[in-house]
Amino acid sequence: MTDQPQQLTIRRPDDWHIHLRDGEMLEAVAPFTSEICGRAIVMPNLVPPVTSVAAARAYRERIVAAVPAAHDFTPLMTCYLTDGLDPDEIEAGFAEGVFTAAKLYPAHATTNSAHGVTSIASIAKVLERMQKIGMPLLIHGEVTDAHIDIFDREARFIETVLHPLRQQFPELKVVCEHITTQEAAAYVLEGNQYLAATITPQHLMFNRNHMLVGGIRPHLYCLPILKRNIHQQALRDAVASGHRRFFLGTDTAPHTRDRKETSCGCAGVFNAPSMLSAYATVFEEIGALAHFEAFCSENGPGFYGLPLNEDKVRLIRQPWTVPESIRVGGNGDNLVPFLAGETLNWQVVL
């Protein structure tokens with residue numbers, strides 16, 4: 001039996017899917033990502049959503065202002081796709097280095113997605129332009145039809161929306177974000193160089209039993225929702241394979257405690273404070289530490305065509321306890337982070 005490693009040194013990671021929010025929330029959460037990651041793909045679902053180059057540029061400035069001066073961090077901005085979006089706006093933003101990618105939210109699929117796309121036909125000209133210029137499309141892959149069970153919405157999306165979309169635009173770079181099912185994992189594994197996926201720490205660590213058995217755990221509630229253990233295992237198998245088109249995307253999505261612990265709670269897991277330790281825990285459990293650095297730090301830049309980060313991050317085998325809560329602003333609001341109060345064996349050393 002080989003000795004357990006006592007430390008892990010990896011190239012600085014990137015987070016290819018985060019929600020930073022705005023205002024006091026942005027100021028509270030941004031440092032948890034910027035101290036660990038070199039870059040992050042920032043979701044555009046603000047109110048109002050980020051649909052123009054000017055709005056993305058202004059939001060980027062607010063993010064940079066919220067990042068501590070000592071952190072070397074670059075926010076990568078995205079455009080929120082809407083039915084009426086002008087392809088020229090997308091291309092201008094991409095050419096100017098403001099937009100790194102565009103985000104497809106089916107209307108009403110998740111938080112602040114009311115302005116989302118109602119049909120692929122309505123954005124066909126935008127997708128055609130994105131395919132031409134090599135701009136990635138990031139997809140929240142769930143159908144939103146009321147009669148489709150919430151646990152089936154990702155698999156149905158692949159069948160009825162994603163596969164036809166990729167047939168229509170075969171060279172469009174597509175990232176299936178926060179995949180949660182064996183169908184999605186298999187679809188990416190069977191795909192070509194134009195298809196990739198991000199996977200969150202919560203979907204690797206947990207399944208729906210953890211959220212629902214013995215009491216409802218609202219801080220595990222996110223969209224897409226946690227699925228059966230067979231789907232969790234399929235995700236673990238996918239990352240254990242070392243396949244280069246799966247990479248780190250936390251979907252960290254902060255909501256204050258009062259908006260989570262309520263009769264109609266918000267969807268989202270705030271995992272930025274514990275994410276790298278959580279991923280390391282999973283990769284060790286499944287015997288895949290040999291692929292940990294590639295998943296965190298190499299596969300994403302490889303798909304996006306961006307340079308690798310030059311500096312390193314170190315994790316040591318030293319138990320630490322995730323904070324029970326994190327303060328937001330000066331009004332007594334707080335966040336409950338992913339794995340709050342839990343002890344993890346891998347600790348990031350900065």
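Cβ from N, Cα, C; glycine included.
Around Asp251 (active site), the C-beta neighbours below 8 angstroms that are at least 6 residues distant in the chain are His17, Ile18, His19, Glu177, His178, Thr198, Thr200, Cys222, Gly268, Val269, Asn271. In the three-state DSSP assignment, the secondary structure recorded for Asp251 (active site) is coil. The annotation active site is assigned in Swiss-Prot to Asp251 on the grounds of sequence analysis.
The local packing around Lys103 (Zn(2+) 1 binding site), expressed as other Cβ atoms within 10 Å of its Cβ over all shown chains, amounts to 27. Under the heading Zn(2+) 1 binding site, Swiss-Prot lists His17, His19, Lys103, Asp251.
Here Swiss-Prot flags His19, Leu20, Arg21, Asn45, His140, Leu223, His255, Ala267 as substrate binding site, drawing on sequence analysis. Annotation note: His140 (substrate binding site) sits in a coil segment as assigned by DSSP. Taking the Cβ of His140 (substrate binding site) as centre and 10 Å as the limit, one finds 24 other Cβ atoms among all the protein chains shown.
Sequence annotations record features per position, and here Swiss-Prot assigns Zn(2+) 2 binding site to Lys103, His140, His178.
For Lys103, the entry in Swiss-Prot reads N6-carboxylysine, with the evidence type sequence analysis. When secondary structure is read from DSSP and collapsed to three states, Lys103 (Zn(2+) 1 binding site) falls in the strand class.
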Give the distance between the Cα atoms of Arg21 (substrate binding site) and Lys103 (Zn(2+) 1 binding site), rounded to the nearest whole Å.
16
Using C-alpha atoms only, work out the spacing between Lys103 (Zn(2+) 1 binding site) and Ala267 (substrate binding site) and round it to an integer in Å.
18
Which secondary structure state does DSSP assign to His17 (Zn(2+) 1 binding site), in the simple three-class scheme?
strand
Local Cβ density at His178 (Zn(2+) 2 binding site) - other Cβ atoms counted within 10 Å:
26
Comparing the binding-site residues Leu20, Leu223, Ala267, which residue's C-beta has the most other C-beta atoms within 10 angstroms in this structure?
Leu20
